[in-house]
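Written out below as structure tokens is the structure these notes cover.
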Amino acid sequence: MGLHFKWPLGAPMLAAIYAMSVVLKMLPALGMACPPKCRCEKLLFYCDSQGFHSVPNATDKGSLGLSLRHNHITALERDQFASFSQLTWLHLDHNQISTVKEDAFQGLYKLKELILSSNKIFYLPNTTFTQLINLQNLDLSFNQLSSLHPELFYGLRKLQTLHLRSNSLRTIPVRLFWDCRSLEFLDLSTNRLRSLARNGFAGLIKLRELHLEHNQLTKINFAHFLRLSSLHTLFLQWNKISNLTCGMEWTWSTLEKLDLTGNEIKAIDLTVFETMPNLKILLMDNNKLNSLDSKILSSLRSLTTVGLSGNLWECSPRVCALASWLGSFQGRWEHSILCHSPDHTQGEDILDAVHGFQLCWNLSTTVTAMATTYRDPTTEYTKISSSSYHVGDKEIPTTAGIAVTTEEHFPEPDNAIFTQRVITGTMALLFSFFFIIFIVFISRKCCPPTLRRIRQCSMIQNHRQLRSQTRLHMSNMSDQGPYSEYEPTHEGPFIIINGYGQCKCQQLPYKECEV
């Protein structure tokens, strides 16, 4: 006996319920309302360049992305996006936004990217980004910000990239980035920064790239970057930096690239680069350096690329340390490194000038072997301590560890070059003469049997030639002489003279035969 269970609803009712469930699931994907003039792709709405003066109200509340780029929006009111809790990215760049009210982005807990660049924002309340706890990318570049509230970025612990380029910032508040523990990229370039606070970058333990180029920085103390324990690249080009110092002993082992191009650097602390043992790229083109101390160069052990062009290099004995280092450098340098002074070397490559004008008599490929003092007939320089130098009879105080760049005048090297060439040529001639004499003497002393054999061979050859000539001459005479036959006896030729020999003669018509 079988049991039969009958479903209380018929087949048509089941089909209707299934269709309704499918429609309900598709409602978010279909989008309830796409704003006019916008292009909608699933839950991503693109309303760029449509002339909007405010955020459209008809936007789907479940959208994941909203782009309002290149419009005419002038202000962001409080709770402007409160109902857009599902947004993951929001692009508001290239508008005319000048005012951002407190809590304008309230409710955007899932937002990961916020682009506000190329607007007219001059002030941001300290609670502007408080609720954006998942924000990873924030772009505030190309605005008119002149200052930042110390708590502006508080709570942004997942922020990875922050763009503040091309504003009017004059200072960086202490501990501004204290809560940005995940930040890896920070761009503060093209502002009006004049100095850096000691704790201005505190908290950035994961920062790898820092841009400070095109500011108004005049002095750099690398101790201010002490907290940047993961920094890989530092850009400081095109500021007004004249001095590089390091206020404390520490090791910045992560830094690999340092760009100081286009500054006014004249002096460098002797220990600056000792704190950067793994520095691979150092660019210092277009500064005001005229020499570099050998201690500075010897600390650049890991470099693969260096840029030193466009400086005021003085091609005198003071450039010997740099020339020696360049001669042994295994990497590459950007552009040519040319002499700036004196006039007769201007425009010459440093290495060509050093060898062509013989500026360095004891040029060594090992920088550490270079002398640390220079003496010439007119001015004497002797380092007596880290805080003073003697110039002649005067003592000049300097900052401890700073390479001195005092201007001095050196005699023209033309006469010395001519004298040296004459002496060198004379010594070469004398050496050649004595060398030849030495070779001859050694040959006579060490190889007499060989000479005797050569002499004997020569004499034997001469005897053979003489004998051959004699035989030829006798043969010619016998053909024309009065004797046609001669038969000597066995006693020898003297018997003929004594009458014991026989001579058979045949008288010729024109001569007589005599016995």
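Placed from the backbone N, Cα and C atoms, the Cβ positions cover glycine too.
Swiss-Prot lists 61-83 with the feature repeat 'LRR 1'. Marked as repeat 'LRR 3' by Swiss-Prot: 109-131. The repeat 'LRR 4' annotation in Swiss-Prot covers 132-155. What Swiss-Prot lists as repeat 'LRR 5' is 156-179. Residues annotated as repeat 'LRR 6' in Swiss-Prot: 181-203. According to Swiss-Prot, the repeat 'LRR 7' annotation covers 205-227. Annotated repeat 'LRR 10' per Swiss-Prot: 276-299, in sequence order. Summarising the annotation, Swiss-Prot assigns motif 'Involved in DLG4-binding' to 512-515. Look at Swiss-Prot and you will find 34-421 tagged as topological domain 'Extracellular', backed by sequence analysis. Annotation source Swiss-Prot lists topological domain 'Cytoplasmic' at 443-515.
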DSSP-derived helix, strand and coil totals, residue by residue, for the repeat 'LRR 10' (276-299): 5 helix, 3 strand, 16 coil
Secondary structure composition of the repeat 'LRR 3' (109-131) [DSSP: H/G/I, E/B, coil]: 0 helix, 3 strand, 20 coil
Residues of the repeat 'LRR 6' (181-203) by DSSP state, where helix covers H, G and I: 0 helix, 3 strand, 20 coil
Chain residues in Cβ proximity to the repeat 'LRR 4' (132-155) (below 8 Å; excluding those fewer than six residues from its ends, i.e. six or more beyond): 93, 105, 108-126, 161-180, 187
Average pLDDT across the repeat 'LRR 5' (156-179), rounded to a whole number: 97
